[in-house]
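What follows is a single structure, written as structure tokens, with notes after it.
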Amino acid sequence: MNFHRLFEVMNRGLQVSVDYQRLCEDIKCWGTELGFRWVGVSSIDLAGDERRFQEWLAAGYHGEMSYMARHGLKRSRPAELVPGTCRVISASMDYLPEAGIAGAMRVLRDPHLGYVARYALGRDYHKVLRRRLARLLQRIVTQTGQGQYRVPYRGANTTAVNISVGKAFCSPEGSRGLDSNDSKGLDCKDLNWNADAGLDTELPGTGPEPKSEPDMGLDADLGTDTNLDPFQGRVFVDSAPVLEKALARNAGLGWIGKHGNLIQRKAGSCFLLGEIYTNVPLPVDTPSQRHCGTCRACITACPTEAIVAPYRLDARKCVAYLTMEYRGVIPLPLRERMGNRIFGCDDCQIACPWNRFARTTGERDFSPRNGLDAPSLVDLFRWSEAEFQERTAGSALRRIGYECWLRNIAVAMGNAPPSTRMAAVLEERVGYPSPLVAEHVAWALARHR
């Protein structure tokens, strides 16, 4: 693929300046035009988060999510994941459906309905954000290739960043520092990449945010070689070892709350994140500061007491982990606490006072599909495997598979008030060939007798 050049150099050694500030402002405008609520830029220094994440792993809080411990320190060192990276562009997109927080609460209060995390009601967000970030990346590459951000070098008092046009900022391997088994990021070289390919959802560790880190490398002297690579970037959406919430915090998109989610003062926490790793030293934004104060609403609201301390989540107890990541028998002490939650959990976000500012999404792709915003447990439990595959096509729900789908619904039915109808439907699955499903069906059926 032919690259647009960020700079057109006619003579070896010609010095120019680059108006990175204007480029950064334009990137944010383009991002909002593409449907992102907030766009920010951060450095790649995550030293404090790296230490806390390693402590979180050492405590075993990641449970059976072995992928969290893979890749060494690449998760907290962007330049090791994608060589040449010096900045990260973070972007957020709202996902809350029209019914809002009130609609979520109505479903949770009705034990005959199944609760699906609000972000998973529509199209798989990996696909939505990945394609939108790819469009943003393409626009950046196209616009910078036209040379409009190049200005004559004006000396030491210039407000633009002084560089000597020179050798490629990326390593000789470019932005392909990992093979496809290690990272599923979308390279700007691969803008025709199939965004519908399978993805490994990551659940980054949580912890308190560090103090603001110093900016790194704004003035980058790249020598006098004329073979400068253009703007290069790689897109990630919860699909590779990336500390996305820490990066978004450092980019000014919000702070990490005591429940481990990112919170924005003007938008709550009901939004999704995506990143573009880049080799271009854009000016960075001011990291967000915490505004949780003494509030413990999320900690108190957690149905399984998975938030074991402020800013510390034990995923092994988390309903989201149990219903989406865990493939085994759900521990008895946790089943009753799961209530009617069959895919994920939003309780900590529903309880957060900042979510009175949560914004509903304007993205049609996030509109609820197949009645999953308030579905009948009985109806869902009667889906055949073919119906499950058909009705979850293009959805994040499909990743758990039919077996865990039935397991989760059986637990929710077991938590519903005794009902002859539910008992009859559960009896239809007695002797189900999967021992995992059969065990949870037997438990639920016993609670209806």
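Cβ coordinates come from backbone N, Cα and C, glycine included.
TrEMBL has this to say about the protein:
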type	residues	note
BINDING	Arg75, Asp238, Leu262, Leu273, Cys345, Asp346	cob(II)alamin binding site
ACT_SITE	Asp238	active site, proton donor
DOMAIN	280-312	domain '4Fe-4S ferredoxin-type'
BINDING	Cys292, Cys295, Cys298, Cys352	[4Fe-4S] cluster 1 binding site
BINDING	Cys302, Cys318, Cys345, Cys348	[4Fe-4S] cluster 2 binding site
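Features recorded in TrEMBL, as mapped to the structure shown.
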residue : record                          : CB count, 10 Å
Arg75   : cob(II)alamin binding site      : 27
Leu262  : cob(II)alamin binding site      : 24
Leu273  : cob(II)alamin binding site      : 25
Cys295  : [4Fe-4S] cluster 1 binding site : 16
Cys298  : [4Fe-4S] cluster 1 binding site : 24
Cys302  : [4Fe-4S] cluster 2 binding site : 20
Cys318  : [4Fe-4S] cluster 2 binding site : 28
Cys345  : cob(II)alamin binding site      : 26
Cys348  : [4Fe-4S] cluster 2 binding site : 27
Cys352  : [4Fe-4S] cluster 1 binding site : 26
Whole-number Å value for how far Cys292 ([4Fe-4S] cluster 1 binding site) lies from Leu262 (cob(II)alamin binding site) (Cα to Cα): 11
Spatial neighbour of Cys348 ([4Fe-4S] cluster 2 binding site) that is closest, considering only the binding-site residues Asp238, Leu273, Cys292 and their CA atoms: Cys292
Candidate with the highest Cβ count within 10 Å, taken from the binding-site residues Asp238, Asp346: Asp346
Predicted model, mean pLDDT over the domain '4Fe-4S ferredoxin-type' (280-312): 98
CB-centroid shell, 8 A cutoff, [4Fe-4S] cluster 1 site Cys292, Cys295, Cys298, Cys352, site residues removed: Gly257, Lys258, His259, Ile263, Arg296, Ala297, Ile299, Cys348, Ala351, Pro353, Trp354
DSSP-derived class (H/G/I helix, E/B strand, else coil) of Cys352 ([4Fe-4S] cluster 1 binding site): coil
Residues Arg75, Asp238, Leu262, Leu273, Cys345, Asp346 [recorded cob(II)alamin binders]: greatest CA to CA distance in Å: 26
Shell list ([4Fe-4S] cluster 2; ref centroid = CB of Cys302, Cys318, Cys345, Cys348; cutoff 8 A): His259, Cys298, Ala301, Pro303, Thr304, Ala306, Ile307, Leu313, Val319, Ala320, Asp347
DSSP three-state assignment (helix, strand or coil) for Arg75 (cob(II)alamin binding site): coil
Cα-nearest neighbour of Cys318 ([4Fe-4S] cluster 2 binding site) within the listed binding-site residues, Leu273, Cys345, Cys352: Cys345
